[in-house]
Amino acid sequence: MSDNSGSGTSPWGSLNTPVGPPKVTLAYFSNEFPPDDLNFIVRKLFDRTSKGPFCSIDGVLLCAIQFANLIGHYETTDHLFPFGSSIASVAGLGIGLVAAAAVSVTPSLADLPVAGAEAVRIAFRLGVLVDGVSQNLQPRDRSTTGTPDSWAYVIPDVSPEVVQKELDEIHSREKTPIPSKIFVSALSRTSVTISGPPARLRSLFRLSDFFRDRKFVALPVYGGLCHAGHIYEQRHVQEVVEKSVLDETHVRYSPSVRLFSTSTGKPFLSTSVTNLFEQVVGEILTQKIQWDKVVKGVLERIQELSATEVEVLVFRDSLPVHELVKALKSADSGLQTTTEDLLQWLHQSRERLQGPRGSLQSKIAIVGMSCRMPSGATDTEKFWELLEKGLDVHRKIPADRFDVETHHDPTGKRVNTSITPYGCFIDEPGLFDAGFFNMSPREAQQTDPMQRLALVTAYEALERAGYVANRTSATNLHRIGTFYGQASDDYREVNTAQEISTYFIPGGCRAFGPGRINYFFKFSGPSYSIDTACSSSLATIQAACTSLWNGDTDTVVAGGMNVLTNSDAFAGLGNGHFLSKTPNACKTWDCEADGYCRADGIGSIVMKRLEDAEADNDNILGVILGAGTNHSADAISITHPHAPSQAFLYRQILRDAALDPFDVSFVEMHGTGTQAGDSEEMQSVTEVFAPIANKRRTSKQPLHIGAVKSNVGHGEAVAGVTALIKVLLMFQKEAIPPHAGIKNSINPGFPKDLDKRNINIPYQKTAWPRSTDRKRIAVVNNFSAAGGNTTIAIEEGPLRQTIGHDPRTTHLIPISAKSKVSLKGNIQRLIDYLEVSPDVSLADLSYSLTARRYHHSHRVAITTSDVAHLKKQLRSQLDSADSHKPIVAAAGPPPVAFAFTGQGASYGTMDLELYHESKYFRDQILQLDSFAQGQGFPSFVPAIDGSFPKEHTHRPVVTQLALLCTEIALAKYWASLGVKPDVVIGHSLGEYAALHVAGVLSASDAIFLVGQRALMLEKKCQAGSHKMLAVRASLAQVQEAAGELPYEVACINGQKDTVLSAAKDDIDKLASVLESAGYKCFSLDVAFAFHSAQTDPILDDFESVSRTGVLFQAPNLPVISPLLGKVVFNDKTINANYVRRATRESVDFLSALEAAQKISIIDESTTWIEIGPHPVCMGFIRSAVPSIKVASPSIRRGENNWQTLVQTLGALHLAGIPVDWNEYHRPFEQALRLLDLPTYSWNDKTYWIQYNGDWALTKGNTFYDAEKAAKAPRVGGDLPPSPISTSTVHRVIGETFDGTAGTVDIQSDLMQQDFHDAAYGHKMNNCGVVTSSIHADIVYTIGRYLHTKLKPGVKDIHMNISNLEVVKGLVAQKNRDVPQLIQVSISTEDISSGTAQVTWFNVLPDGGLDEPFATATLFYGKANDWLQSWIPTTHLVLGRVHELERLAEQGVANRFSRNMAYGLFARNLVDYADKYRGMQSVVLHGLEAFADVELTKEKGGTWTVPPFFIDSVAHLAGFIMNVSDAVDTANNFCVTPGWESMRFARPLLAGARYRSYVKMIPTEEDAGVFLGDVYIFQDNKIIGQVRGIKFRRYPRLLLDRFFSAPDAAKHGGKHAPAVKAAIPPALEKKSAVVVAQVPVVDKPPPTKENAVAAPAAKSPEPVAAAAVNEDSITVKAMALVAAEAALDVSELEDDVQFANIGVDSLMSLVIAEKFRETLGVTISGSLFLEYPAVGDLRAWLLEYYG
C-alpha cells in the first residue's frame, strides 16, 4: 500500500513513505489466467503437449502475462509505480504468489524485468518439480484428448472438520498409501477444496456415500499437486529456488513490501530475497490456502495505517478479488475502495509500436557454409586452396554449355554472339544425387543445375552446422526459412526449353529454388528468391538478417546461385560493355581492367541469432554485426557505381553496429575489374575506412583489401556469398590470400597515397591471426548493375571454452547414408579424417555424429573407446558395406518391447554410474525414494549409490524397492531418450515396474505394493528357510529326474529353463539329483522362495491392502502376463487378486511369450530392451523367439553402465528405433564440441540436357517428329460431358437402351485424387488397394443410373450386390503422372426381372481391355421386405452380442479400443485411413466379435455409398481373420475375394452409430477358407447384412507378391511384382493363367527384353546329375522344391509331374517367393504350368542359372 501522489512523474521512479493519511494500493496476483482467449490457448497447449511438464509452461506464461501487463499499465498511464514504498502490499494465490514476491522486492518499475525473470525461473522449476512428483502418483494419459483430469475439487457448504474426519476414516479403512491420500488443500468461508490424484478423486466421489451426495466442482488444476505437506519437504523447496541472483546484484532488491501468507494471513518475514522465495515456494508446496485469513490480514493492515482510500490492482475480476473487495467495503463506511484492472490498458491503447527495432539488435552468427566454385572447388577447403595459391581460374567456355566456336565473335559483328570466349566454370555441374533428394531421373534432368546444387550445398551447410530438425527452439521447422539470390534462368530458357515437359516450370522458375529446399527439409518458414542483379546473394543475406532481427525466423539458409548455359546473356553483357575480351578472371584494380569475366558458383550459409547459436552449441564461423542496402540514385546512369552512396551505406552500417571505421581491418571489395567500378569503390572505401585527414590509421591498424573476383570471376548472383565465404575462410585459416587481379600495374585512378592511409593490397599470402586485444572485423561490399549497394560488417566468431567433462569412456560412432555407394564413401571419409586427426576427442566425435547429424537408412554403428579401435572397425565395415541392408523407412520403426527383470538379477549394492553421472536418472531415483520414505519404508538409495560394499546384504524391503525403482527410473531414462515400449512384460517382481510403465499402477502405488509385500515377507516368513533353484532343463525333464522329491515350479522361463522353489534342505537334495542327471543348476541369491508355499502366510493380507490401497488402471499398452500366459488389454484383469496370484503362482514366461507371438503382439521384428540391473530375460526371449534381431540390456553387472547403454543404443539405432541423441548428450553438452567433419559423400550421376545447335524457333526440339507417337489413354477419350460423375465413376463412355434392356460402360482413373485417396485409405503392404467397398460404391452408382434410365419414375431404389467375386485384385500404381484406368460394365436384358450383371476390366495402355478381374450380380429389391426377413434372426444375434459382452467383463474375451484395434489391424495387414476407422471398440473371442461403429462426419468427395462407410460397418470380419489369436497371423494373412450378398435397408449416415456382429466359420471343403455373415444393427434392429463374406488364408510370404504396385519395379517399389493380382490366384478361375515373369539374373536370357519362351514342340533334354555343381542355383532350387513338397530330393526324378506331388497354384507361388528370397531368382508361379515336369524345370534352370 502506498501514496500515489506526484502524478506526472516518470512511472519508473520509486517513492518514499508519505506524510498524512495514505492512499492504500494493494495488488492481487491471481493463480488463474485472465478469462480472455489466452486461457483457451493455454488449455489447447496442454492438449497438444506430448511431453514435458505442462504446469511449468502454465506458470511461466502466467507470470509473464502479469509482469507484462503491470509494466504496460504503468507505462501507458500517468500513475507512479507504488511498490517502492514500504506501505504498499501485495497478495497472491498459487503461482501468482511467486509473481507477487518478485514485485514485493522490486524498488522501481525499471528493476521489475530482472526480478520478473527470477520469478519466471522459479515458476518454471516449480512446475517441473510438481509435474515430476505428480506423474509418479498418476501418470498423465497422453492418448486421450479433451479436457485433462483435475487434481482438485471444491465442495461448497460443508465444514472442513467434517471433510477431514471423513477422509481420515476412508484412508484408515482402505490403508491408503500416504502419498496417495486425498487431502484438504484450501479453505474459504463457504467451501472446502480437496486435492489428490485424479483417479482417486473420481473414485472418492463414486464410492463414498458422504462425498457422492455432495455437490462439487472440478477446478482447472491440471498440472499436479500443490499444498501437500505430506508429500513435499524442505529439500524440494531448496531444489526449486536454489540461490536468487537478486541477492547478488548491485540493485538493492529486498523484501520491503508486505506480502501476505495465504495460509496464515500474516506477512512473510524474510531476511533476503532468496529466503522470501523459499517461504513462498514452501507455502505453495506444503501449506493449505486460507483466503479468509488473507482478507483479515489486509483489513488489519488498513486499520494500522488509518487509510481512507484503498486501490486494489487486479488482473480481471475473480472470486478471491470479489471477496476481498466486499470485505473492504463492508469493513469501514469511511473507506473509499476502488478497483483498477491492469489489463484494461490493452483495450484502451490505440498506439502501436512502429518502425525499425533500432541498432541494438542481436548479432547474427554464421554457423555453416558450403559451396561449389569454379575449377574443381567442390568444397570450402578446395576453394581455399585455390585462393591461397592466388589462382586465376578462367578458361574457355566448355562444350557442355554451348559451342564457343559458333557463338563467339571477337569483332562483335555477328548477331547474338559473345565478344569473349572465356568464363570461370564449375566442373560437371550436372552431377547430382537424385535418389537422395527424392527426385526421379527425369525430374533431376529437367531441374536447373544451379537449383540442384543449391539444394546440395544447403544440405552440406546444414550438416556442417550440426543441424537436426526440431533439436532446439531455433531449429523448429516452422521457424526456418530460405533466402537465395538468383539473377538468371539459363537452363530453363535454353536447355529444357528445347523440349518442354512436366518439370519445365517447377524445375526452372526461380521461386522453386529456395522453395524446393524448404520442401525437402520440411521448413515451414518463408522462402525467397531475390534478384538484385550482381548483388543478389548479399542483398538476400541482408534480407535474411532482417528476418532474423524481426523475429520472423530463428534459422535461415541463405546464399546465391549461378550456372551459365545461355549464350544470349554473354552476348547481351558483351554488347553492354560489361565483359572483358581478354583471357583473365577479373583484372580487378589493374590499369588495363576492361570488364569482368562471367562465372558459375553456388554458395550456401546457415545463420542464427548469436545467442541462439551459442545456446545450440554451434560452431560460429563469423558474426554479422550489421547489414544494409541502399541505391545509387544520384549516379550518372543506372549501371554506374556511385562512391558517395556507397560511403553513406558504410557509415550507416558502422553506426548501427557501433563500430569505429578503424575497427575494420579487412574490406572485401566488389572489384569487378571495370575502370569506373573499381575507382568509385576505392574512393568510397578510402574516404570512410582510411581517411587521410584528421585521424589516421596507425601502424597497428592496417587495412587490407581484396576481391575474390580476381580468382574465380564475377559470379553475378552468387558474387556476394562467394566473397562472404572467402572472409569466413580467412577467419578460419587466419590468413589473407594474395590478390590475383593486378596483372600489370595498379589502376592509375586510385589514390596515390594508399601506403599513407595504411591500405594494403596483399600480393602474397598474409597472416591475419586472432589476437586478444583486437577482434578481426571485415566489411564485405557488393553492388549491382541495377544500382543497388549492399554491405555487411562481420567479425570473427567467439572462441568457446568447454565447461566440465564427459565421464563416459565408451562412445557410439554412427555413420549412415541413403545408398550403399554413399555409405562406403562416408566411411572412407571418416577414416581419412581420423588419419589426419588422430587426437580427436571420441566424445566430441560421437556427439557430432549422433546428436548433430541426420541418420539415413543405410547404417553402421561402432561402439568404441579409442581411435585405433575405431579405425580398425571402420575398415572392417568398409569391406562389408555392400552386405548392409537398409532400414525400410516406409514400414516405420519396429515395435519396442520392455522386459523387466525379476529379483534373480539383484545384487548387494549396485553402485550405478548412471546414478552418479546422470542427473536425470539420479533425480528419478531420489524422487522415488522420497515416495518410499513417505510411505514409511526405509531408503533404498544405499543399495544403489555404492555407499555399502557390493557384497553387503540389505534388508529384503530395501533390495526389492531398489530393484523396482531402478527399473522404473531406467524406463523413464529410456523414455527421455525417446525410446518407449509398445508392449511390456515383467518377470516376477519386475512385473510391478512393467505395470507402472503400462499405466496400470502409478509409481507411488507400485512402491506401496512392493514395499508392503516385502515387509509382510520379513514379518511372516523366515528368510533363508526356502530357496530357489534355476535348472537348465525343461519341466518334463525336471519331473522325470526329480521323481518324488518335494518342490514347486516357480518359473517356466524357456524350453530348457525352469526355476524351482522348496525348503532349503529339499532344494539342496534336488540340486544334487538334477546335477547327477546332467542338468546344470544355479541357486538364486534371494531371501525367500517366491511363487511357492512359503508366501502363503502373506497372501490374504497382501490382497487386502492391494484392494483398498491401490488403484488399478486400464493399461495404455499391451501387457504380456506371465501369470496368465496371455496378453492383457482390458482394465478388468489386473487387480488385487492378480497381484496375489502373481506372488504365489508360477511365472510362465514361455507361455506368455508364445501367446503374444500367436496374436502378433510380438514377432521377429520386435526390438527388446531388458530393464533391470543385469540381463536375465534376454536369454529366455531369444529362446522363445529365436529369430529376433535385437534383445539388449540396459545395465550389465560388472560393466560400466555407459558401455552397456551405448551398445544397446547402437543396436537400437541399427534397428531403426529413433533415439533422442540430443537428450542423451544434454547433461554433458557444455563439455562437448561440434566437430567440422567431412560432409556427405554423394552418389552423383550426371543429369544434363545439352543445348543443341544454333536454334532460334525450334531450339533443337524433336517434338513435331514425335507428334504421331501414341498418346496415353484418357478417361473416356474424346467424348461429350458425362451424364454421371462421382469420386469412383468418372465418365460414361458408352450406353445403349432398348425398351427394358440396357447397357452402361463407365471408365474411372485410379490416379484421380478422390479415387486415389480411397484406395490409399485401405493400405496393404504400403500400397493403395481398391477394396470391395469401393467396388460396391461403383455398383450402387451405375446400378442406380441404369435403373433410372430404364424406369425413370421410380424413386425408391434399393440394391443387393450379390455373388461378388474378385479374381484379380486392383492395386494403385506408384506413378501418378499416367492414368490407371478401369472399365466397369453393367447390363440387364430386362430391368423388370430386377437383375443386372456387372463386370470389371483393367484398361490396357493401347486402350484395349484386359480379362475381367471381377464380376457381380445386382438385384433390385425392397427395403421393407429385407427388414421383415431379418426380424426372426435379430434376437439370436443380439444374444450372441450380450454373451460376448459378458465374456469381456470376465476377462475371457478381449476388448479393444479404436486405436488399439486399428493399430493391430495395421500391424498385421491393413492400415486404414482415419475416415475408414469407424469401429470405436471391438469385443473379440476366437472367431466371433462385435464392434460399436461410429461413421465419420467427413465425406470428402462425391459418393453414392461412401466406401469408408461400408468398410467401417463390414470390416469386422477382416479384423477377426487378421488379428484373432484363433488364426495364425504370424505366418498367414487373410483376404476376401467377395461375398454372397450385400444390402442395406437403411442408408448409412455420416456420424451415425451402428453395431456390427460376425462369426467366421471354416468351410468343410477347405480349412483355409472361412465364411461369415456380418449383421449391421442400428437401435437394436438389423438394417444391413453382408451375407457369406469369404476370407482365404495365405502364407505371409506371399504378401509382397499379391500386394505390390503394378509399376513398383519402375518406381522404386520394394519388389517388382510377378503378378498384377492383389487377390491370390488360388481363388481365380481355372482359365485365369498368370503371365510368367522371366527371372531377373545377371545373365542375358531372363529379362523382359530378351525373355526366352518355353519350347512348344519339345521338352528340354534331361541333364545328367553328374554335370551339376552341388552349390549351383539348380541344386539349391530343387532342394527347396523338395522341402516345400515334403519330399526327399531323390524323389524329384525328371519324369515326375509337379501336379502329382502337390505343387498346386498356391504352393507354386510360395515356392516362387522362396526362390526370390533365398536364391535371388525371380520367377512367376505359372512357371510350373509352363514346365510341368521336374526335368523340364531342371533343364530350364541349368540353361539360365547353371
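Using N, Cα and C of the backbone, Cβ positions are placed for all residues, glycine too.
The active site, for beta-ketoacyl synthase activity annotation in Swiss-Prot covers C534, H670, H714. The annotation active site, proton acceptor is assigned in Swiss-Prot to H1322 on the grounds of sequence analysis. Positions annotated as active site, proton donor by Swiss-Prot: D1511. As annotated by Swiss-Prot, domain 'Carrier' applies to 1671-1745, with the evidence given as sequence analysis. Marked as O-(pantetheine 4'-phosphoryl)serine by Swiss-Prot on the basis of sequence analysis: S1705. According to Swiss-Prot, the feature region 'N-terminal acylcarrier protein transacylase domain (SAT)' maps to 4-227. Taken from Swiss-Prot, the feature region 'Malonyl-CoA:ACP transacylase (MAT) domain' applies to 898-1218, supported by sequence analysis. Residues or ranges marked as region 'Product template (PT) domain' by Swiss-Prot on the basis of sequence analysis: 1286-1605. Under the heading region 'N-terminal hotdog fold', Swiss-Prot lists 1290-1425. Residues annotated as region 'C-terminal hotdog fold' in Swiss-Prot: 1452-1600.
Taking the features listed in Swiss-Prot, we show where each one sits on the structure.
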residue: C534; record: active site, for beta-ketoacyl synthase activity; DSSP (3 states): strand
residue: H670; record: active site, for beta-ketoacyl synthase activity; DSSP (3 states): coil
residue: H714; record: active site, for beta-ketoacyl synthase activity; DSSP (3 states): strand
residue: H1322; record: active site, proton acceptor; DSSP (3 states): strand
residue: D1511; record: active site, proton donor; DSSP (3 states): helix
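D1511 (active site, proton donor) has H1322 nearby among the active-site residues C534, H670, H714, H1322, counting only those with a Cα within 10 angstroms of its own Cα. Fewest Cβ neighbours within 10 Å among the active-site residues H670, H714, H1322: that distinction goes to H1322. Of the listed active-site residues C534, D1511, the Cβ environment within 10 Å is emptiest of other Cβ atoms at D1511. Among the active-site residues C534, H670, H1322, the ones whose Cα sits within 10 Å of the Cα of H714 (active site, for beta-ketoacyl synthase activity) are C534, H670.
Taken together, the residues in the region 'Malonyl-CoA:ACP transacylase (MAT) domain' (898-1218) have a mean pLDDT of 94 on the 0 to 100 scale. Note: the CA-CA distance between C534 (active site, for beta-ketoacyl synthase activity) and H1322 (active site, proton acceptor) rounds to 53 Å. Residues of the region 'N-terminal hotdog fold' (1290-1425) grouped by DSSP class, helix first, strand second and coil last, total 33 helix, 63 strand, 40 coil.
Within the region 'C-terminal hotdog fold' (1452-1600), the DSSP-based counts of helix, strand and coil residues read 35 helix, 68 strand, 46 coil. H670 (active site, for beta-ketoacyl synthase activity) sits 60 Å from H1322 (active site, proton acceptor), counting Cα to Cα. Helix, strand and coil counts under DSSP for the domain 'Carrier' (1671-1745) come to 50 helix, 2 strand, 23 coil.
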